[in-house]
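Before any comments, here is the structure.
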């Protein structure tokens, strides 16, 4: 039986429950089900169309420090280790754990130890198809240095490697066809803009929604790319940098989102850290979602990727936008409680359980 593709046409009047202004606001019911225990059961329930992520994969070198070093200063780290990460890999790992359908990652890694680390970590996640992850013979795998502070906040330096240099031939024809058959396409900015444009053009031509996370390179987003994006998802810092506008108050954030609308993006999903999130749909009132507080914040690395990916998972399932935001908030709340990006991605059962506990409080 043919599956209906998710469409992003403007919705009707927004339900009153969408305008969440504090922790007491909650849905009247919960419509998310746990992940089916078997492929047979999933097939019987007609799983959603696949999620396709085109993006980066990095070996993250974690160093735990009490504070960032000053210029010319050397500080000692309390601990250090290497873990799989990168915004594309993070979002694919999250999709693999949360989605009822398949999740694919289209990425480039080097033919080196870090590339094998990334391939192994993604295979261990479960639910992520990595046969579209190709090795770039002439470029090292991308990597990042993550400086993690005691309060869970971090500073990150990225080395692009194969993420930026491994796309000489562009996206493979088979991968473009996969994008055309997807339920949603997820993009970020840790790969070249021209690759994102190629992927987005394939999706747009097939009526596949495109969600782009603004994280990645510190440069303006090409107008050609923005016009292909259905939902643009920055945090407030990225929103300020990309629009040249202040984002210290909600009113300022609303005005900056309005500038994004004028640049061609119909929907702007802003991640606001401890203030939650807000979805600005052109011509409609914003939908606000407060955070679901974490019992303990260990590491915020990957929390934004978890939020964006979880939102996409719920969107593919046909959930209303306010439910997509609640699902994403719950996933992000669980993510920050564990160290590391991919290791912190929650499974669907845990997210549904958290939503149920919030609902009955």
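Here the Cβ of each residue, glycine as well, is placed from N, Cα and C on the backbone.
Worth saying up front: this structure is predicted, and the values here are computed from it rather than measured.
Taken straight from TrEMBL:
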ACT_SITE  305  active site, proton acceptor
BINDING   58, 59, 60, 86, 87, 88, 89, 90, 190, 305  substrate binding site
BINDING   235, 271, 272, 273, 274, 275, 276, 304, 305  ATP binding site
BINDING   299, 301, 335, 338, 340, 344  K(+) binding site
DOMAIN    51-347  domain 'Carbohydrate kinase PfkB'
Shell of the K(+) site beyond 299, 301, 335, 338, 340, 344, same chain only (C-beta within 8 angstroms of their C-beta centre): 298, 300, 302, 303, 336, 337, 339, 341, 343, 345
Surrounding CB atoms that lie within 10 Å of the CB of residue 335 (K(+) binding site), all protein chains: 29
Separation of alpha carbons, residue 87 (substrate binding site) and residue 272 (ATP binding site) (Å): 18
Of the recorded positions listed as 235, 301, 305, 340, 344, the one whose CA lies nearest the CA of residue 89 (substrate binding site): 305
Reported mean pLDDT - the domain 'Carbohydrate kinase PfkB' (51-347): 93
Among 190, 305, the one of these recorded positions whose Cβ has the fewest neighbouring Cβ atoms within 10 Å: 190
